[in-house]
Amino acid sequence: MSQDQKHQVLKRKLGPEDLRRFETPAIERESHGQTSAKSSVPDSASTVAVDFAGVTKSYGNKVVVDELSFSVASGECFGLLGPNGAGKSTIARMLLGMTCPDAGAITVLGVPVPARARLARRGIGVVPQFDNLDQELTVRENLLVFGRYFGMSTRQSEAVIPSLLEFARLERKADARVSELSGGMKRCLTMARALINDPQLIVMDEPTTGLDPHARHLIWERLRALLARGKTIILTTHFMEEAERLCDRLCVLEKGRNIAEGGPQALIDEHIGCQVMEIYGGDPHELLSLVKPHSQRIEVSGETLYCYAPDPDQVRTQLQGRAGLRLLLRPANLEDVFLRLTGREMEE
Amino acid sequence: MIEGFAAALPANAWNWVAVWRRNYLAWKKVSLVTILGNLADPMIYLFGLGTGLGIMVGRVDGASYIAFLAAGMVAVSAMTASTMETLYAAFARMHSQRTWEAMLYTHVTLGDIVLGELAWAATKAFLAGTAITIVTATLGYAAWPSVLYALPIIALTGCVFASLAMVVTALSPSYDYFVFYQTLVLTPMMFLSGAVFPSDQLPGAFQQIARCMPLSHAIDLIRPVMLDRPIGGIALHVGVLGLYALLPFFLSMALLRRRLMR
Ligand SMILES: Nc1ncnc2c1ncn2[C@@H]1O[C@H](COP(=O)(O)OP(=O)(O)OP(=O)(O)O)[C@@H](O)[C@H]1O
Ligand SMILES: [Mg+2]
């Protein structure tokens, strides 16, 4: 792609029009959209939202992100799945240009980062792992102040704030101080704040950690609403269920390395490929020898035996008549993949 | 490295205003309390020392002691107000409240944040210094209207001490370190710079040190205009203050970049 074409694409995606849209009447906006659609060249820059190529970052001697490569398509929900300290937040910070990688190249919305991070940030919304709302200000003031950081006037912000409050289900809390909000409401407000610049890409760092199930489901639902609007989402999490539910594709991280990548179901099929029988209530090592001939793989974790068996009935027959044993047959999930990849006490 | 530092510089000439306005909005809610708090301390010093010591001291440099002290207190109150804001409040916004982190997700750069914080601290210094100036002028201890020339100098003094304090903020791992700066740097500076007694009473070596301190230059400008006397070496004083505002500004930006964007 030539520099010129790139420039055109950029201009369409990130030009000052983004902020002006608040003033343009709807009809004009339509036609504006059409002209820019014509002038832009459909190429990789418009379909790839984020690209990491061989990115490495160390703190002291500790390699936190290791030769990491992945690529996120526009409109996709991409998950970064990894345990504590896997480097998820560091990846998010590098994507925003808030820290420089030691090696490798990062492109976000067609712009090289960190070199032109400020331009890229015009199209990014951020929901951080740790709340950084202004506790002293009200809900509405938080949005207003944040709009100013993007160069939006009070009038421009006030034009979008009602719809953001509605999105966050905080209409009735508009004049409440942030310190009065519950944890779930704060996270919703952070999401609304991330949308004030109408970003194409939203980076969410563990958006549901520490929330109760109600709040978690609300966040998931809001997140899906964003995907329906065509937003691209990068979601970091260590909840397998969350990743499985929401992500189109994900990358499993261990110590900053990409150890597997793909759709949740594809990963499950590839790495497990059968149902899982959980067996507990007996001596796992004794049971191990019994079921071993009938399983693809067996893992022991504490007192539970995880038995990956193509034909679970055979295992059941084998264990028949043993008192106090409990069997649970369930479909394989991402957690199984994760544990398989990162290695539990494993017995092939 | 150089490229990285360039990205941390202020993005343009007006971005910092958004940062300033955020602080103003939060301050407005508690303004009455903080104004009273900021005013009380220097007023107590002024009238406590001024009247008490004034009886023993008599006249200093041809002015009543309280009028002499007033100029010192104006400069010191500007110094204290902007130092406190930058050490404690700005440090909280950088560290525990993570306000700066949220700003860095946007169009605002680290340089814009630092500039906005400095401008805000200087604003508070300006308010504190001006309030005392008005009180002393009203009571007849400062000459009217030449006292008005003190106002821009107060603002500049606020910038200087905000800038210096920003370096301390950038270097401190926690709040506990600020007290060293206050007791080992600011308090001696107050005594050496001619705020409470004329510095030409000091031994020669101390006078040399005093000449390097920004507070002496601020006082050398503020005192003559408050007493309506001719000022010597305006360019030198303003130049020194300007350097003390600019150099720490760039230094603190480099330090903060290393601290926050590593
Ligand atoms: N500024 C820093 N200086 C030194 N080490 C750091 C810094 N930031 C992160 N690290 C280290 O890098 C590693 C990865 O941190 P990171 O925050 O990216 O992990 P994470 O996957 O987000 O973990 P969590 O699930 O706990 O949020 C950690 O071991 C952390 O100690
Ligand atoms: Mg994290």
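Glycine is treated like the rest: Cβ placed from N, Cα and C.
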So which range, B:30-57, B:198-225, gets flagged transmembrane segment in TrEMBL?
B:30-57
Long-range environment of the transmembrane segment (B:150-171) - Cβ separation under 8 angstroms, sequence gap at least 6
71, 74-75, 78-79, 81-83, 85-87, 90-91, 94, 114, 117-119, 121-126, 129-130, 133, 142, 177-178, 181, 214-215, 218, 221-222, 225-226, 238, 241-242, 244-249, 251-252, 255-256, 259
The transmembrane segment (B:30-57) versus listed stretches B:63-91, B:125-144, B:178-197, B:234-256: most Cβ pairs under 8 Å:
B:63-91
Could you tell me whether the transmembrane segment (B:178-197) and the transmembrane segment (B:63-91) are in contact, taking contact to mean 3+ Cβ pairs under 8 Å with a sequence separation of 6 or more?
yes
